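**Student:** In case it's useful when we look at the structure, here is the feature table from TrEMBL:
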type	residues	note
REGION	1-22	region 'Disordered'
COMPBIAS	1-10	compositional bias 'Basic and acidic residues'
REGION	206-230	region 'Disordered'
COMPBIAS	206-223	compositional bias 'Polar residues'
DOMAIN	526-573	domain 'SUI1'
Amino acid sequence: MFKKAVEAKSHQRLSGADRKKLKRTVRDRFPAGSDADIDALFPPKAEITVAKFQNRVHVYAVEGGFPMFFDVDGRGTEIYPTVFALWKVPDLLPVFMLKGGEVSRFIIGGADLMFPGISVPVEGLPSFLAGETWAVKVPGNPAPIAVGATTMSSTEALKAGLRGKALRITHHYHDILWESVEGRYVPNAGFFEDVVFEDPALLQSGQASDSCEGSTDVSNGQRNGDDNIEVGENVDVTDVFDEANHASSSSKQIDVDNATAEEIIGGVGDLKVTDNVLSEDLNVQHTLSTEDVDALLDKCLLQALHTTIKDKDLPMPGSTLWANHVLPCRPSGITLDIKKSSHKKLSKWLQAKSSIGLISVKEDKYKKEVMLLSVNRNNVEYSSFKPEKRQVEKNDQISDHAANESRSNKVLDVAEIYKPSVHVNPIFASVGANTGNLYSASEATDIVFKYVEKENLVKPTDRSIVVLDPILCDALFKGAIKKGSRYPTEIHKKDLGAAFISRMQPHHIVTRGGESVVRKGALKAIQILTERRQGNKKVTKLSGMESFLIDAEALASELQKKFACSTSVTELPGF
C-alpha cells in the first residue's frame, strides 16, 4: 500500500460531525477497542486532520502528531490502524505471531505474510474470516510491526494445509507512511532513528555498554538490517533524545563485535515502545500566536503571488486562491488556519491586503465570495519580498514528469470491432479464418476480398464489379431482401466491404493504459445534460463515462478541482 511515495493532494481539518463519524466508524470496525482506547488515539480536544492522496487513500492523524488510521478507498469501508495507533493500543486488533526474527525481515521488506511464517498456538489456529484486519507481532515484543487483511478464512486455510498467503500487508514498520513521519518532529533524524539500545540477550550477558551510537551510523545500520532498536520499558522519551544528542557529539560506540548471528537476526524483534509514553509526547503540537499566524499568512500570500499566481489566471475565486496557492506555500508540517488569525475570515484578510494596495478584490454578489481581480506588482510590499526557493522543487519536477508519463500511459483508445455472424460464417470458413475471433473493419474487408480472389468472382469486363455466387449472395442479402424481390447478381467493390461488415455483429474495445475491455454492441456516447435549479443555479449531469473506463469518483474529484465547484456521484436508476 505504501511502497511508493505519493504526493498528498490536500490536507484539511475534520469538522465536528466528521470527527464523530470517524470515531463511530473506528468503534464499529474495531469492537475490541474501548471508548478509552478511542480517546487515547483521538483525544477529545485535539484537532484531527485528513490527508487525501491521489490514489484515493485518506490518512487520519492528530494535528501535529502521528497518523492513526488510513482509509484505502476513501469511503470508510477499508480502514486500518497504523503501527503508531497499535503501539498506543496494542490490543486493538487480533494478532498473528511470527515464528522468529527471520520472518520479520520479509514483512518489513514489503512482503505479505505467508502461513508457514506464522507461529500456530498449541490450542490451534485461531478462527477468522476472509477480509478481517489482523496485526503482526514478533515473539517477546508487545509492539505490532505490521497490519493487513486476511486473504482466506481459517477453515479454508486448514483445508489448504496452512499453505499460501495468510495476510495481505497494507502497512508495516519502515514503509513510506512511517518514513513520511520520520524527521518531521525531530530535526535531522527520525523519531526513533537517533536511539540505539542493546539487545536483551547482551543485557543479560553483561556485555552491553550504556552509550548510544550517532544518528548517522544508526540510520545506515538500520537500512542494512544490522542494528537493533529497542526503547526499554523504563526509558523516558525526553531522556532518550537527550542521550541521543549527547551521544552524537561523543566518540562512544556500542561494541557489538561479539554479537552472534542469532542476536543480530533479531532485527525488529527488539523494537519496543515504552508503556509510560504519554499522548502529549507523541503528539507534538506546533502552537502559533495570532501575530505569528498573521505573519505566516502574509508570507504565504506573497510567495504565491511571486511563484504560482499569473495575471492570466485572474480573476480568481478566493477559495481557489486559498486552496491552490496559499496553502501549498506554507512550511512543511504547519497547519495554516485563517480562524486563528486576527482577521478570522478569508474575505476580511483579502480586503485588508486590498486596502494597502497589494491586491484588488471584489465581492461577487451572486456567489457571495470574494474574487481576486488583480495584483499590484509595483507595490512596495510585493517588490521588497524575496520568494524562497522550494527545496522540493526537484522532487516536484520529477513527480510532474512521472505524472505526465503516467498520463501518457493511460491514453484512451477506442476501436470498433466485429464478430462473424451466421450469415458470414461460410465466407470465413472458406478462407480458413476463425469464426470465433473479433476483427476490425479492415480485417473483415480483407477476408471478403480474399474470398472473392479465391473464387475468382471479379467481372472480366469490369474489374470494379464483383459477381455474386450463391454463398456470397446469401452472406450479404439473405433475410435482408423482401419476399418477391430479386437477389442482386453483382456488387461494386466500393460497396462490398460496407455490406459485408453490416452483416457482422458489432462490438467495441476500450483500452486505457494496461486495462482493456470488450463489449458487445456499438459504443454509447457520454451524455451531458444541463438543468436549471433554484433560479439561476445550473447543474451539469454526466452519464455513460463507465463505457470509457472512467471512474466516476475520480472524475468528480478532478472536475471539482478543475472548475472549483461541488460535485457528487449517484447511481442511475435501473443499473
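Every residue gets a Cβ built from N, Cα and C, even glycine.
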**Student:** In this predicted model, what is the average pLDDT of the domain 'SUI1' (526-573)?
**Tutor:** 84
**Student:** Tell me the residue counts in helix, strand and coil for the region 'Disordered' (1-22), as DSSP assigns them.
**Tutor:** 7 helix, 6 strand, 9 coil
**Student:** Summarise the domain 'SUI1' (526-573) as counts of helix, strand and coil residues per DSSP.
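**Tutor:** Split into helix, strand and coil, the domain 'SUI1' (526-573) gives 16 helix, 14 strand, 18 coil.
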